[in-house]
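A.B. asks: Okay, handing you the structure first.
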């Protein structure tokens, strides 16, 4: 990387933070169009997509399973923070010291991250032994396993019944801080020695291995870091919604996160942020239209399912017209000629 490219790349987190801050100010200013909960939701999607980028974007391996770590983080934080009166009547299989106590969300979130990270290490080691499409299928299998476990572990997770009573302590400011923190961590990982070697392996694994790069070891690091960040998002999200079910981070959330990454550009951190903002806003707008909006006295509404149909259509158009996504290899702070050289 040349000196000019290095200087430009150093400005990237500042520019991305400015993008998030600008979006936050604009969203908050149009309170009649976006509620506080919707602003929080948009920022949480940005954080989730950026977390996924750390593995899928940097390594080039599509993962369907990382939202399972968000589910682990969310459920861990939820059972630790819910009022003991509720837990003793429904989550009867919890250990006594958890069943009879509730801790602040600020302490529960790190515990959720630790639990998810502990799960991610052996899973990452197992998946790391797979090659090609089998790796992606392995991550999807992990997603299904976590879903099956949480759906049937009635005494700990509530099974298919939604958990309610989760303290609503995470607002738009906490979501903004969380998304900024994850963007900064993703940037630091991307420019680290590990990140650069993984990008080299993504572009040509054989050549990277021939140069002495331990691809399997580095991919495990990316897998675990992405899982930790995703679990943080899950724990934060549970505190912003107050309700959690086994479907919160299942196939629907996985598909949406991947769609955002593909639309923005999975090879680019800027693409992850851009895709998260664009698709999340589009989904919220379409949801409003589905519910009906008033345009000059005329009631405009769309049938149910229009959100998913629109996102799928947009994703197909992007894949046809811009296979590398809206941003491609472009990163904020880098010139067009430098984008492929970092």
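From the backbone N, Cα and C atoms, a Cβ is placed for every residue, glycine too.
Predicted, not measured: the structure shown is a model, and the values here were computed from it.
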A.B. asks: In TrEMBL, one of 66-82, 83-99, 134-150 is tagged transmembrane segment. Which stretch would that be?
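C.D. replies: That would be 134-150, the stretch labelled transmembrane segment in TrEMBL.
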A.B. asks: What range among 272-289, 290-307, 308-325 does TrEMBL record as transmembrane segment?
C.D. replies: 272-289
A.B. asks: Pick from 200-221, 222-243: which stretch is listed in TrEMBL under transmembrane segment?
C.D. replies: 222-243
A.B. asks: Does the structure show the transmembrane segment (106-127) and the transmembrane segment (42-62) touching, where I'm treating 3 or more Cβ pairs under 8 angstroms (sequence separation 6 or more) as a contact?
C.D. replies: no
A.B. asks: I'd like to know if the transmembrane segment (222-243) touches the transmembrane segment (170-189) in this structure, counting it as a touch only when three or more C-beta pairs sit under 8 Å and are separated by 6 or more positions.
C.D. replies: yes
A.B. asks: Out of 12-30, 42-62, 134-150, 222-243, which stretch has the largest tally of CB pairs under 8 angstroms to the transmembrane segment (272-289)?
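C.D. replies: Counting Cβ pairs under 8 Å, the winner is 42-62.
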A.B. asks: Give me the stretch from 12-30, 134-150, 222-243 with the greatest number of Cβ pairs under 8 Å to the transmembrane segment (42-62).
C.D. replies: 222-243
A.B. asks: The transmembrane segment (134-150): which same-chain residues, six or more beyond its ends, come within Cβ distance under 8 Å?
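C.D. replies: For the transmembrane segment (134-150), the list is 61-68, 71-72, 75, 123, 126-127, 157, 159, 246, 250-251, 254.
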